[in-house]
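J.: Per TrEMBL, the features are:
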- His134: active site, proton donor/acceptor (ACT_SITE)
- Cys219: active site, acyl-thioester intermediate (ACT_SITE)
- 21-41: transmembrane segment (TRANSMEM)
Amino acid sequence: MQPRSSRERWSDHGRLLARGLGQTLLTVGVVVLLFAVYQVWFTGVMNSYRQSQLTNALTEQWDRGADPLAADSGSLPTPPIGSGVALIRIPALGSDYVKVIVEGTTQDALTDGPGHYVGSARPGEVGNFAVAGHRGGYGSPFDDLDKLVAGDAIVIETRSDYFVYRVLGDRATGDPTVRDQEGLPGREVVDASRIDVVLPVPSRPGELPTRRLLTLTTCQERYFTLDRMIIHAEMVGDPRPKANGLPEELR
């Protein structure tokens, strides 16, 4: 038998290497696909279930007369992390857009819904009512925040009142990136380290607030990003008592 040439041996090695590489790429592809299914579908199903539970629990709490985020409840203990505290409605994202806001912005809390930054203002208070939420996976509550334009309403519902905020920016053109006289835009993109955007006066440490603001924070990209998309809105008018029916923005 003729000994195999070096070229033949290298050819066999090449085929084995190519086969191994192909199998590795196939395995990686399957893993990525399974992760995508988990991230988008499975976490969405679980979030929908948890939102339903939170809605029932919050409704029962309201029926008992308790309101964890009432403007006059500042002397009460902070609600438990992960518990439902209010509802957020954004008509521009659909007449059926409603999510339960939970207390806290821990990883576990945000898997259940948008989370109220502990220590930030309550709805309707002077200061900054700040809420974080996922853009990709876990129900993607803030997936479409980039579609909001200047003047769009964001409605926070508590046990007794609706609080209507409107996205800042140039209402004449709808451009939310235009800054107001105090330098605050309706939408901006910042580095993830910029926690100052949820201060009582956004991006101005130490200043005393005079406005009733709302800030929403989420990822700039849907699944991985080092930047954050920020939406700033300001409350218009007084709280709307629920006893008077739905506010105009929700009709």
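Note that the numbers count up from 1, one per residue, in the order the chain is shown.
Yeah, the Cβs are placed from backbone N, Cα and C, and that goes for glycine too.
I'm curious about the neighbourhood of these features; can you describe it?
T.: According to DSSP, His134 (active site, proton donor/acceptor) is assigned to coil rather than to any helix or strand.
The Cβ neighbour count for Cys219 (active site, acyl-thioester intermediate), using a 10 Å radius over every protein chain in view, is 21.
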J.: What's the number of neighbouring CB atoms sitting within 10 A of the CB on His134 (active site, proton donor/acceptor)?
T.: 22
